[in-house]
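As recorded in TrEMBL, the features of this protein are as follows:
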- 1-365: domain 'Amino acid transporter transmembrane' (DOMAIN)
- 16-37: transmembrane segment (TRANSMEM)
- 111-128: transmembrane segment (TRANSMEM)
- 134-155: transmembrane segment (TRANSMEM)
- 222-243: transmembrane segment (TRANSMEM)
- 263-285: transmembrane segment (TRANSMEM)
- 306-326: transmembrane segment (TRANSMEM)
- 332-353: transmembrane segment (TRANSMEM)
Amino acid sequence: MVGAGLLTLPYAMSELGWGPGVAVMTLSWIMTLYTLWQMVEMHEMVPGKRFDRYHELGQYAFGETLGLWIVVPQQLVVEISLDIVYMITGGKSLKKFHDLVCDGRCKDIKLSYFIMIFASAQFVISQLPNFDSIATISLAAALMSICYSTIAWGASVDKGKADGVDYSLRASTTSGMVFDFLGGLGQMAFSFSGHNVVLEIQASIPSTADTPSKKPMWKGVIVAYTIVLLCYFPVAFVGYWAFGNSVDDNILITLNTPKWLIAAANMMVVVHVIGSYQVYAMPVFDMMEMVLVRKMRFSPGWKLRLVSRSLFVAFTMFVGITFPFFGGLIGFFGGLAFAPTTYFLPCIIWLTVYKPRVFSLSWCTNWVRSTE
């Protein structure tokens, strides 16, 4: 749940300002926790059946064909764009680590080579078959995210408020303010993007009549969202407090001292995005291999996995190298696909499936959420 998108939150705050920024952060946390609860509940809403993938839930709600076209394109945009951003983030963090450790004594190396180094690890790890097989990597990634987010806001507190810090909006024109505001909203939506893989994760939990999977899953969600609260809010607010509108789109890039600590934090980001890349790539691998086997009659096995998954990693690496500014588009993708799949599509599915009584609390809540 804790993604590297949290490093952009101080930048998003600088686009929104104190009042709207605090309000959007708080509302996003509450809204996404609510829609996550809905998805956990809907996983086994039909007795004897589990909706293991987002598009299966969409097909049940909207029909076989329409549900597929509503959910799959948005889900693919989310997962593929996230993996591209993680590819670039991994490369940038490796470069930042190299530059801090060398301190001008080493030859300057282009970002492209660091992205390729990061991709080389993904070529290997991508051959692991499923979510269960990356459990250790996911645990390490989760621990690293807690560590580097703590370093990000802790180092900001230690550095203190920058001289001449300015909390005015970044843009000075009306059109610029509008675009920045929308960008800030998209970046915050990007940070709350775990809904796109939550059903696949819940599918890996055993379920019985006495102990349905939603019970341990909801406990996990509560733990995860408590950690999100403790990581996201301090990074967003303290980072903006310390640097104002001069903060970079990655708070760790803005911080340079103490060098050893910031270098360690950047390496933690690398470990984290190695795991996060796989979490969002696994559903894409599953879709790719399902189409290749069922539609194109390829034989399942390690050869298919090697070729298809390597091609996907190579594609995200190529886009990351070609468009290293892709990370700057996360506001666009946040608004285009992250917001629908995270904020209001679960509410629409809930209304379609459960059909709550008109003007009841559930009906009003979900209608308000789905029309925001």
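Backbone N, Cα and C define each Cβ position, glycine as well.
If you look at the transmembrane segment (263-285), the same-chain residues 6 or more away from its ends with a CB under 8 A from one of its CBs are 3-4, 7, 53-54, 75-76, 78-80, 82-83, 86-87, 89-90, 93-94, 96-97, 100-101, 118, 121-122, 125-126, 128, 130-131, 134, 137-138, 140-142, 144-145, 147-148, 151-152, 155, 196-197, 200, 252, 255, 305, 308-309, 312-313. Counted over residue pairs separated by six or more positions, the transmembrane segment (111-128) shares at least 3 Cβ pairs under 8 angstroms with the transmembrane segment (306-326), which defines the two as touching.
Sequence-remote contacts of a segment are chain residues at least 6 beyond its ends whose Cβ falls under 8 Å from one of its Cβ atoms, and for the transmembrane segment (306-326) they are 80-81, 83-85, 87-88, 91, 111-112, 115-116, 119, 122-123, 126-127, 281, 284-285, 288-289, 292.
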